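**Student:** Got a structure here, written out as structure tokens. Questions coming.
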Amino acid sequence: MEMLSQNADCADQNSRQEKDEKEPRPRFGTGTAKEQPTTTLSPPAKTMASRVASSTAPPHPPHLLALTSQIHHNLLHQHDWASLTTHTHSPTPPHNLLPRPLLSGLPPHRIYTHPDTQLHQLMSPPSATSSPDGGTDHTENNDAHQPQPTTPDLPPQPEWVLPTHIDEKWSLSRLHQVFSGLPPADDGPKRVLLATAGTDSTVVYYILHEGIVKPRQN
């Protein structure tokens, strides 16, 4: 019985070995194994700090903002201007971005007088002063030879200021872009006060008009 049992075990083992030899074994790299799904990492979203920083970024370069601040300081402390405001966008619809920052403010006296208004003032007779006894005083006084403002009776007008540097080169097309962002003037063509800062922090102001204007009467 033991001999029969051993023979049966040997036969069973041989049959298993033959079966294993007949069946092909899987080879590595043939793709027979089940592939695992791959995951792709997306780039991280912007943080709240970066979003706030991008939304509050200045619309103009820092050197233009610094130049505007310098002219603002000069008008406020050296020329006594009031209601100074920095503009980065046009005040007229659709409120497009200006090519560079502009200033607006109220000077202490009239900066520009239309030539027709100036001629009317020059042709008007001077007012005589009254003497204490009720008559007209024609005597000269010390104030007669003092320099008088050309437009003493006209109130000041708000003005636009274009901050520039002496090393900049301007063209008519660049000036046209600036004038295009300004609102229409009430007393003639558009005008702007060209503020030119020098290398020694000295600021010189020039009056610029859009188009051709009537010259002043000498």
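Using the three backbone atoms N, Cα and C, a Cβ is placed for every residue, glycine included.
Just so you know, TrEMBL annotations never went through curation; they're auto-generated.
Summarising the annotation, TrEMBL assigns compositional bias 'Polar residues' to 1-14, 33-42, 115-133. Per TrEMBL, region 'Disordered' is recorded for 1-64, 85-159. The compositional bias 'Basic and acidic residues' annotation in TrEMBL covers 15-26. Summarising the annotation, TrEMBL assigns compositional bias 'Low complexity' to 53-64, 97-108. The annotation domain 'tRNA-splicing endonuclease subunit Sen15' is assigned in TrEMBL to 70-218. The compositional bias 'Pro residues' feature in TrEMBL is assigned to 149-158.
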**Student:** Helix, strand, coil: count each for the residues of the compositional bias 'Low complexity' (97-108), based on DSSP.
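**Tutor:** Per-class counts: 0 helix, 10 strand, 2 coil.
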**Student:** Give, as a single whole number between 0 and 100, the mean pLDDT over the domain 'tRNA-splicing endonuclease subunit Sen15' (70-218).
**Tutor:** 82
